[in-house]
Amino acid sequence: MTASTALLLADLLGVAVFAASGASAAVAKRLDLFGVTFVGFVAALGGGILRDLVIGETPPLAFADWRYAATAAVSSAAVFWLHPQFNRLRTTVLVLDAAGLALFTVTGTIVALAAGVPAVGACLVGMLAGIGGGLGRDLLTGEIPAVLRREIYAVAALVGAVAVVLLDRTGLAGPGPLVTAAVVIFAVRLVALRRRWSAPVASDRSGPSR
Amino acid sequence: MTASTALLLADLLGVAVFAASGASAAVAKRLDLFGVTFVGFVAALGGGILRDLVIGETPPLAFADWRYAATAAVSSAAVFWLHPQFNRLRTTVLVLDAAGLALFTVTGTIVALAAGVPAVGACLVGMLAGIGGGLGRDLLTGEIPAVLRREIYAVAALVGAVAVVLLDRTGLAGPGPLVTAAVVIFAVRLVALRRRWSAPVASDRSGPSR
Amino acid sequence: MTASTALLLADLLGVAVFAASGASAAVAKRLDLFGVTFVGFVAALGGGILRDLVIGETPPLAFADWRYAATAAVSSAAVFWLHPQFNRLRTTVLVLDAAGLALFTVTGTIVALAAGVPAVGACLVGMLAGIGGGLGRDLLTGEIPAVLRREIYAVAALVGAVAVVLLDRTGLAGPGPLVTAAVVIFAVRLVALRRRWSAPVASDRSGPSR
């Protein structure tokens, strides 16, 4: 297996996991088969589509390579039919989701740098590639995006994206260091889940909110 | 009347109908004249804007040809002032909406193929061109998109887009077959409305949702 | 200070103000520090990102020039920590927000015209540049966009964008007239706030909505 095949497989695994998370949220909202598949598609491919639109890569990879859409569709449909079993895999899903976040953030940052986006912008693009799908999933299902209010999620992505840019700027962005960056995102996210870490919330204010 | 004039007129009819559906939803939410027009604009032109951004056609047609925006604005404003009468036209609107869905899906798929998007991607772009406006309308008015949970709507679009791609790949994509594909989408949608067909919903689960 | 430095400073002031408005809404929703910063970022830069995607300018300025993201982040974080004091500055914020609206609308329209977007499209792009950030802020925080239902806001932007296009078409688009257009948007918005002007709402209908 070559490096690029390995990367494609890893990428498609990320797509499958994110599609499953989106489909799972859509099943909970009682959407029909199409709705479940569509939300799964957005959750899996939304981050990458956002990334490609921002760097001017059209059509985005999700439309240019059929294997992405096919993976998202199969994964979403599987959740639709198997969701009771899927719910029992909750911990597995959270772990795989953390892996997907790590992968998409690192590849998103690399793609942005390769497209000539400056350092700060590349960090933002990488983070959006990681969290964009979850944002789309929550907007479609009528929720305030979970990524905006729960635990260390986007922060893990942002830290990883910064690490990738620093590696790139110091000429160290070989496969080893990049995998390390992905592992760091993955680990931070898992530890945050385990310990229920959250970013701080503004101190309470008197009276009802708003 | 030339073929291209006929196509433009059909396209603008689709814009007018979708704008009316968006404006109608916005009136129900008690938005002001501007809000109604804006939601109408998004409902009418959102699908095409999405299509053009994905294929890298900038500025999107909705911004490049003033007749699109003007049609959407006039149609939305008409609903704003005439909405009680408009509500009585509910069946007419559903029929016209099905026609708009058929038209935008077929033209969206053709445009994507012409821009070099591969087969599966072109189907997705065509479907998004058909349903994108309705998605935008529902997101702006704070609803979970109806297209994700009601009846055969996006599925009709998807089937039509696949048909267009197959016609194109077999060299049969002349005016006749394409019109046939549009008629198929239109008919599937109408029959689904008439018989209240829906895509399946996942079997009920014990306990409260989520 | 050169004209382009002055313009950059004004632009960054607009970013800071819009970020503060987004962060303020996010604090009210009890989002964490990251969520507050993210909503502030979207409120400040969303309009410009939309503008740049529509005209095909990739990566959008918000990703290409780090000072934009840095300004938005600092401003959002400041609101997060200082929000009780910030709330007391409510009037100041509304005034600054009107200034940001005026500025982003005028620059958005000019940028669209310079990119070759026709007159009507340029007005729409200018208006979207002005109101896009507020739309994104409200979608992320689960609100029907305020711009769609409150007071003369987008209408002020649209009027200003039309004025800029007319000035451009008549060859009068020098610094003086453009500043005048911005002042007009600013003034219309402030008077609308002061007098609680609104665009009309459709007359009441019998029975419950929908």
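Cβ atoms here come from the backbone N, Cα and C positions, even for glycine.
According to TrEMBL, the protein has these features:
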DOMAIN    B:9-83  domain 'Glycine transporter'
DOMAIN    B:95-168  domain 'Glycine transporter'
TRANSMEM  B:35-54  transmembrane segment
TRANSMEM  B:66-83  transmembrane segment
TRANSMEM  B:103-131  transmembrane segment
TRANSMEM  B:152-167  transmembrane segment
TRANSMEM  B:173-192  transmembrane segment
Subject >> Folded-back contacts onto the transmembrane segment (B:103-131), same chain, C-beta under 8 angstroms, at least six residues removed >> reply: 7, 10-11, 13-14, 18, 47-48, 50-51, 54-57, 147, 153-154, 157-158, 160-162, 164-165, 168-169, 173, 178, 181-182, 185
Subject >> Local confidence of the domain 'Glycine transporter' (B:95-168) - pLDDT mean >> reply: 87
**OP:** Go ahead and report the DSSP secondary structure tallies for the domain 'Glycine transporter' (B:9-83): helix first, then strand, then coil.
**Re:** 65 helix, 1 strand, 9 coil
Original post:
Same-chain Cβ contacts of the transmembrane segment (B:173-192) under 8 Å, 6 or more residues past its ends?
Top reply: 3, 95, 98-99, 101-103, 105-106, 110, 130, 151-153, 155-157, 159-160, 163-164, 167, 198
**OP:** Mind tallying the domain 'Glycine transporter' (B:95-168) by DSSP state, helix then strand then coil?
**Re:** 60 helix, 0 strand, 14 coil
